[in-house]
């Protein structure tokens, strides 16, 4: 159910909306991939993870694993949950590095207490506000989700949930159920004055409450300038960290090495690894 960067229209349950054709189209759209990567990067940044060790993260509404790709690139491990079999099939085909679970998060998070060092979710939680069946009660499903998520997270950790609320009532419903389940925190809004770039991140703390991070673009009237500045800073920061360029030979070799460490079968490295194929006519 991971998000496309646009406000999703409600056309029935997500497991029906994202059929096989829609799942493939979604994952192959370069604009979707770019926006998904940006929102995942921002969500992981808001988690405030320790830099000295890899963490285990939960990705709620992981879809085809686009946000999981960023988590893996940062050196962390992840488990993804999604209600759409078609989306998870695409994730398996893409050979994502995380483990995948087909599940409805409205039924709860089925993991042992304190298992995760953090949780992210991109464009998924608002689906729980819809009653797709007569038995569905949005407040009850949201409370079930948040209360079991609270239990599954380690004390002192965070959950960062990017969402597209349809209105202020929906926003209040989601936030109220999260607080009722024991979370502290609140909403971080990036670029609040921009209709196009505005993004909502529900930043939740487990245990001791932390300081709510500031939203991007809140101190700058010129939203486009602030957006460009953030993009440039992010690129420069990545270069400083020495990350390999995506899809380059080094990036592919690093990804294969991570998969070997996880005990997965990986093809042997050769002189052709990462080499671009010539176009066929």
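Placed from the backbone N, Cα and C atoms, the Cβ positions cover glycine too.
Automated prediction, rather than curation, is the source of TrEMBL annotations.
Per TrEMBL, the features are:
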type: COMPBIAS; residues: 263-272; note: compositional bias 'Basic and acidic residues'
type: DOMAIN; residues: 58-134; note: domain 'Methyltransferase type 11'
type: DOMAIN; residues: 204-278; note: domain '18S rRNA (guanine(1575)-N(7))-methyltransferase Bud23 C-terminal'
type: REGION; residues: 253-281; note: region 'Disordered'
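The domain 'Methyltransferase type 11' (58-134): residue composition by secondary structure is 25 helix, 20 strand, 32 coil, according to DSSP. For the domain '18S rRNA (guanine(1575)-N(7))-methyltransferase Bud23 C-terminal' (204-278), the model gives a mean pLDDT of 64.
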